[in-house]
Amino acid sequence: MYVVTSEEMRKIDAYAIQKIGLPSLVLMENAGRGAAKAAVSGEQAEIRRWAVLVGKGNNGGDGVAASRHLMEWGFSPTIIYVDNPDSFQGEAAIQRDIAAAFGVPSVIYEEGEVNWADYDGIVDALLGTGSSGAPRKKYASLIIEANESVLPITAMDIPSGLDPDTGQVHTPCIQAERTAALAYTKRGLEQYPGLKQAGEVSICSIGIMADLASEHDVRTFRTDAAMLEKRFGIYHGEPAREADSNKGTYGHVLTAAGTRLMAGAGLMSATASLRIGAGLVTWAVPERVLDNVVGRQPEIMLTAFADEGTGDWSAVKASDVVNVIENKQAAVLGPGMGRWKKDRDWLEKIWKTSSCPLVIDADGLNILSETNFSLWKKRSAPVILTPHPGEMARLCGCSVKEVQQDRIGIARQFAEKNGVVVVLKGARTVTAAPDGSVSINTTGNPKMATGGAGDVLTGVIAGLLAQGFEAESAAVYGVYLHGLAGDEAAQKRSRSRAVAAGDIIDEL
Ligand SMILES: NC(=O)C1=CN([C@@H]2O[C@H](COP(=O)(O)OP(=O)(O)OC[C@H]3O[C@@H](n4cnc5c(N)ncnc54)[C@H](O)[C@@H]3O)[C@@H](O)[C@H]2O)[C@H](O)CC1
Ligand SMILES: [K+]
């Protein structure tokens, strides 16, 4: 599913109007009818008396059209104009006149004068994709009153007060129960905290073909089964194995991760690679750690690096790692590895001299964040980085707050600049590819916020790489599957507060 910015929406809108010849009044009419239908569908069909809050732009025009459809279907709408509707222009003015002639009751808003007990539900058509900054003056007070009424609110396109492009929530902002997104979902509806304001989001078709987005170079997507198939040819749910295949067909993952006190990181990553279907998995540790990990998971092969008796990665030669990963189809580097004095040179050597696809996480990312690795020689093999917001902030040299305020923008910029795939973890994980494509994941749940879940993700992605998925699809599909497994684990343990990383592995 395509996810657009307000700017992209404006361009597609203009194209539909000017090049396809769809009159803008038709689009507004469709938007009004569609959103009205969304408001009164399902259990809200019983809501009779609607307050339709109308701003002075086209979002307001959509709201006026919606109120007329509600009236036509036997409901009782009242338009509450935030400002004098005499100032309306274009299509919104036409809708205003039709609604008046149709007999839709209307009032002009005065602070504190709306009797909310006269209504059972609210349509929010105050501000849409043309809004900027926090709602001002009467818009703000009307939003506050609407929220305080605790009536169920259906938002038109976006909840008023939400930044349509980043998902940041201004003060005040409509708290909707439903949002009818017009033509496409918007970035702000797909990222936190905005998505909490939007409630249940439905896409309302208004006469614009979905694929127009692709022609306008929209490269932000929501990951769902249809998108996986369309973009990557992945048929989710189909048996993935050919009858005449063998373990050699499904690749070999090398997991370079874990120390004595953090052995679990390597174990969980390697086990996840196994469960997601890698033909072979080898777990590599410093020699002195070997005895502690023998026999933990019998299907995983083990290898040990000379470590001068320390048990630390600091004593492991980069060239030894390169030798081991060279004939593998994917390698995981970083989880539970620790930091040491010359770790940057160490990682740079592996980066430059190996041609194995790399999945780098945890300490591996912390090493990278202290180098200017965009200056390192470009790799022919792909690199997938899997930072959480703190690691992303260190990689970009900004604050966690700045990362969270624009997750899509930050991940995309970093991926494009450095030629790597970035998986920015967190609720609605964002995967950005070097060509600027961004996929927003929808699977997963907060019970997965436990130590080790990230190690499992590295193993899933590496396991898919080993099976021949190219880097972006391995990352996007891996994130999707990891979340689905977490959802199943949460369902099975519905009375638990959390799922352990091992529970996620069990569901892969
Ligand atoms: N294809 C489509 O999606 C269609 C969308 N439609 C609807 O049009 C809006 C966008 O309309 P636009 O006129 O560009 O902007 P808005 O209605 O969102 O608001 C602009 C209006 O509000 C004032 N304003 C802006 N920011 C603020 C603020 N913070 N506080 C107070 N006032 C503000 C500004 O001055 C303008 O006057 C889209 O969301 C859809 O709902 C079409 O109707 C159909 C096709
Ligand atoms: K709105």
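Along the chain as shown, the residues are counted starting at 1.
Even glycines carry a Cβ here, placed using N, Cα and C.
Keep in mind that what you see is a predicted model, and the values were worked out from it rather than measured.
Listed by TrEMBL as binding K(+) are ASN59, ASP124; the candidate from SER24, SER87, SER160 that the record includes in that site is SER160. Cross-referencing GLY397, GLY454, GLY459, GLY463 with the AMP binding residues that TrEMBL gives (LYS425, GLY426, ALA427, ARG428, THR429) picks out GLY454. Cβ atoms within 8 Å of the centroid of the Cβ atoms of ASN59, ASP124, SER160 (the K(+) site) belong to the same-chain residues LEU53, GLY55, GLY60, GLY63, ALA125, LEU126, LEU127, GLY128, SER131, ALA155, MET156, ASP157, ILE158, PRO159, ILE174, site residues excluded.
By the rule that a residue counts when its Cβ sits under 6 Å from some atom of ligand 1, the binding-site residues ASN59, SER132, TYR139, GLY454 yield ASN59, SER132, TYR139. By the rule that a residue counts when its Cβ sits under 6 Å from some atom of ligand 2, the binding-site residues ASN59, SER132, SER160 yield ASN59, SER160. Looking only at the binding-site residues ASN59, SER160, LYS425, GLY426, GLY454, the one with its C-alpha closest to TYR139 ((6S)-NADPHX binding site) is SER160. In sequence order, HIS388, LEU424, VAL430, ASN441, GLY444 are the same-chain residues whose CB sits within 8 A of the CB centroid of LYS425, GLY426, ALA427, ARG428, THR429, GLY454, the residues recorded for AMP being left out. The most densely surrounded of the binding-site residues GLY61, GLY336, GLY426, GLY454, judged by C-beta neighbours within 10 angstroms, is GLY61.
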